[in-house]
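Asks: Have a look at the structure that comes next, please.
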């Protein structure tokens, strides 16, 4: 084994933060130093040349001064017997670089901690430095040799029920954490007595996972009686009623991994499977929709919990039908009170929590990062979501109890697209190969399905921790590329059947696959790819290692499937074959036995149906009179409540422009304020139709009136999605996610009554279907605190997500108040019809109260009329701005509109209030409704339309936006409230800022927060030195000659399709080229005029961002020759964007004229930054930027490592004067800047892109390929038609070729 020291592992900011954490744990800690340690398992001595290559490979990341370590060593390594995702990718890179003597590379972090501490304190330090699920801590570098030793497989064990009877199975139930019910234990004893043998542990685990509440939804399928009265339908039956009443537009419901609804027809853009040339195929592009929860893992380990939650939901979409493509994501969090240190709010009363789960604040720091990191690396934009906190002591008939979300809600959802012919699963023929696609088995996430079905606190902490999975998004990306290549083959798609691997691992996925295909299966356990050879059969079969799919591929299609996997470098294995008889057999060639041999009907068959006999409880509540409150104090409290406050800290960490199909993200207007009501994507690059999604949830209302909380969640979803242009209300389909503390007094009846209100009443009345959903029935946390039994129980929680096809994505409304449209009015549409019910409102919560009467949807006809009128007014161009009324009420809706429009407000409440005592309730009630901005000359017509629809009593003019910074509210001329927009916006932004400050580089957070005080910030602007609507490539396109451009990608790259679309539009033939094509000699770069290296996360950024990709080109002789030859050709051009920019900057030794280029390293904020930034095009030789010098315009940014690092100040100066700086970040006034967030990565002198001395090679961190259409821009000037300003860049390249 070779030991190679690496670079320091912590930036200055991360170092001081970790040192502070360690000092809090162990006060004797006085110093800390951390560096990477690399270990190489070699089968022979390396030559000096090979050693040099290895040394260069392992030099990556930013240049940080190296120290001589002192202090006690805590060496954090991957657990022995495992292979980390880092290791598998780094080892791949080494092999691609010709280092065949290296069998494996592995990496650890050597922490050197100074101070005098005891062994107990040393253990506390070790606990803080590692994740015991996947890592261990050593005190000696040499001990790392055990990384490369192989453990012996553990054998099978049987449970002796023939001899030991029921007691033996009850013992196994506890030890293995199976969560079997009494009747299931009886069922298993009967079944195995019938088979005449003892069950193996693997069979029991498999049964427990397949029949867990998590997988079987027993409560939703149960029979019920309430208060002694038998109920006619099950919960699931009532949800399905919505489909039975209105099934039009639904292509698949309740039977697959996601549901499918009818989409628009467009030119679906992808590479031809034979020629690899990108092109558009005109066809229906149907919409798939799915929303999942990952609550249990997120409570225990928020980053991996939320990451694998997102990953699992993405796999559900990809595994729909015969293979589909995920498109856009959403995320949601509900937690208990945050109690931010130094920012604890008056309503946040400390109650404590069990040891086994983390705090609400930790969940909101780590969880969103996990979810965002997975989506970012996979390459899916995160476009909408919600965030709520709730934790309150309430009085019930049984005494006081705390209701809240110690077991959080972590919601991961999204939509995708699927071809019409692939919506339904195919046939599994006898003899079909049963394949696992994706990563290897590892001992992680064991028993997750059963664990998440228990109330937190009823299983052991070790079992809880073992049930959390770990993520590897780059592997999932590779799997998705395989699935994409398969569905792109159309009727030659080799996939006949596909499922994702989730709860229960292969033990759930393979039986489900063959059972759904009406087959049995025969499997060989040792064919499962396995990175932990010491696992027992149960562990191999049931672990929940992520990023895996199971597929059935016909024998005749297998070679085609295999070739696709090899090109994409995606691991797969044939584990079994389909049989005619419905028997499940798993053989084990290592031990020569059969760990599983049972009829599928025993596993999945007649397990007893649950019956629930429950009683209703009287409703609870307390008195709350808002009229006695000080309005200024109320405003301040409400604006700081997390459900109301800015969600910026959740949004800028997630890529919102990847795919180039995003038409509406959360950030609105020239000042990019996070207030959008819905998310909208384009169907494809050639149309203006699309898809919308929006969310609704009002969970605290369930404590007062559970059915009202369900109806309000649906109502809010509709008032949110109404901002997009949708043909008719029934086009909207809903996902319903139900969370409940089943068994808690009154909760089961509340659940039943709410499902009935939604499924049997409101949805049928609206003509809306719920074709998909998910339930989580164990929303309670119990623990003992110094002998006192404590518990926190969540309210019944229905989270609704709406999806719909969109008629015209250019007509999506936003809350941005327009000050350039003359005199305008603000009109309130109050669907509560003046009732102003305050129950469970944010205002009540910020005073520790609930109130008594919840807002509700009293009449479905009002909601239908509202939707129709808004759609009509939008279609006719009458609405300038739109925002729904929700958390915080009318006051918050109008303030958010003013924040987005950077203007003041003059509100007068004369038309909506009768007396002063009503004013607080009018400003803060959360009844359904919306505020719209219309031109004053159109106000009579707009009011008349509402009147004609029966909503005359719901509408009133409440004021006007004004062109200054003042917010004033009056009643009959008397002032009610006044404030400055800037200061109110700071209050609204402060909760987000406080979390950002704890999580990211505090200096950056401070700069962004202070920028809100700037008075004359003009926002994003456009100043062009060319005509955006002038197509300079048109004459060349007319000739019919289309030069070829190689759209280059490596494993983990995810931005190739939109890049190809931009070049295709400019008149090129874009060809899909994988690095594996170049390494294998399948592709010759001499066939291409241009090459573009695309964005993403090549090798998951292992060995540095873009560095692994570059080094596999530098140190592979065939690839090096190919690239060098291409760069030296005077008729060739090259573009590198984001990850491609990082990659090309590391290839500078092959690129003539690139000697001034920097190295790109971690952003100054230490965070992934997804924003719209202003850049100025510099005077340079770049062939892409000719005629654009001096132009200033917005561009999409999405990167974690974009900081341009030069060797020293002289090198920076040389670059500056060499004329090779192509782009610089500027502030909204047009000045070159290093200030955050205008300069999102902190690059010196605002450097955002470089070119070569002759201009043929250009690299940049921003993403022009994501904003080449006008509609792709989060904000754009109104005079832009089809093209965005950045389209000019691609047309310049086409003109240059001629």
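Note: Cβ is positioned from N, Cα and C throughout, glycine not excepted.
Marked as active site, nucleophile by Swiss-Prot on the basis of sequence analysis: 1138. Per Swiss-Prot, active site is recorded for 1263, 1265, and the stated evidence type is sequence analysis. The annotation ATP binding site is assigned in Swiss-Prot to 305-316, 384-386, 676, 886. Among the features that Swiss-Prot reports, Mg(2+) binding site is placed at 677, 716, 720, 884. Annotated domain 'Glutamine amidotransferase type-1' per Swiss-Prot: 1045-1298, in sequence order, evidence recorded as sequence analysis. According to Swiss-Prot, the feature region 'Disordered' maps to 303-327.
Looking at the shown structure, what environment does each listed feature sit in?
Replies: With a cut-off of 8 Å between CB atoms and residues at least 6 apart in sequence, the same chain places 1055, 1094, 1095, 1096, 1198, 1199, 1202, 1260, 1261, 1262, 1263 near residue 1138 (active site, nucleophile), listed in sequence order.
Of all Cβ atoms in the shown protein chains, 26 besides its own fall within 10 Å of the Cβ of residue 1263 (active site). Under the three-state DSSP scheme, residue 1263 (active site) falls in the strand class.
The 10 Å shell around the Cβ of residue 1265 (active site) contains 30 further Cβ atoms across the protein chains shown.
In this structure, residue 305 (ATP binding site) is part of a helix by DSSP. The Cβ of residue 305 (ATP binding site) has 28 other Cβ atoms within 10 Å, all protein chains considered.
Just so you know, the Cβ of residue 677 (Mg(2+) binding site) picks up 27 other Cβ atoms within 10 Å once every protein chain is counted.
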Asks: Using the CB centroid of 677, 716, 720, 884 as the Mg(2+) site centre, which other residues of the same chain sit with their CB within 8 A?
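Replies: For the Mg(2+) site, the extra neighbours are 678, 694, 696, 717, 718, 719, 721, 722, 723, 886, 930.
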Asks: Within the same chain, where does the region 'Disordered' (303-327) have neighbours whose Cβ lies under 8 angstroms from its own Cβ atoms, ignoring anything closer than 6 residues to its ends? I mean 6 or more beyond.
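Replies: That would be 131, 133, 252, 256-258, 260, 288, 290-294, 296-297, 366-371, 373-375, 378, 380, 410, 412-419, 421-426, 445, 468-471, 473, 476, 479-480, 483-484, 486-487, 493, 495-502, 546-547, 549, 659, 661, 681, 691.
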Asks: Of 305, 308, 311, 384, 1265, which recorded positions are close to residue 677 (Mg(2+) binding site), meaning a Cα within 10 Å of its Cα?
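Replies: Matched recorded positions: 384, sequence order.
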Asks: Highest Cβ count within 10 Å among the binding-site residues 308, 384, 720: which residue is it?
Replies: 308
Asks: Of 305, 311, 314, 676, which is closest to residue 720 (Mg(2+) binding site) if I measure between C-alpha atoms? They're all binding-site residues.
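Replies: Looking at Cα distances from residue 720 (Mg(2+) binding site), the smallest one goes to 676.
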Asks: I need the CA-to-CA distance for residue 305 (ATP binding site) versus residue 1265 (active site), whole Å please.
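Replies: Cα of residue 305 (ATP binding site) to Cα of residue 1265 (active site) measures 32 Å after rounding.
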Asks: In angstrom units, rounded to an integer, how far apart are the Cα atoms of residue 676 (ATP binding site) and residue 884 (Mg(2+) binding site)?
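Replies: The Cα atom of residue 676 (ATP binding site) is 10 Å away from the Cα atom of residue 884 (Mg(2+) binding site).
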Asks: What does DSSP say about residue 676 (ATP binding site): helix, strand or coil?
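Replies: The residue in question, residue 676 (ATP binding site), is coil (DSSP, three-state).
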Asks: Residues with Cβ closer than 8 Å to the Cβ of residue 884 (Mg(2+) binding site), same chain and 6+ apart in sequence?
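Replies: The list for residue 884 (Mg(2+) binding site) reads 677, 716, 719, 720, 722, 723, 893, 928, 929, 930, given in order along the sequence.
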Asks: From the Cα of residue 1265 (active site) across to the Cα of residue 314 (ATP binding site), what is the distance in angstrom?
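Replies: Between the alpha carbons of residue 314 (ATP binding site) and residue 1265 (active site) there are 24 Å.
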Asks: Can you tell me the CA-to-CA distance separating residue 311 (ATP binding site) and residue 1265 (active site), as a whole number of Å?
Replies: 26
Asks: Which of the three DSSP-derived classes (helix, strand, coil) applies to residue 314 (ATP binding site)?
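Replies: For residue 314 (ATP binding site) - judged by DSSP and reduced to three states - the answer is helix.
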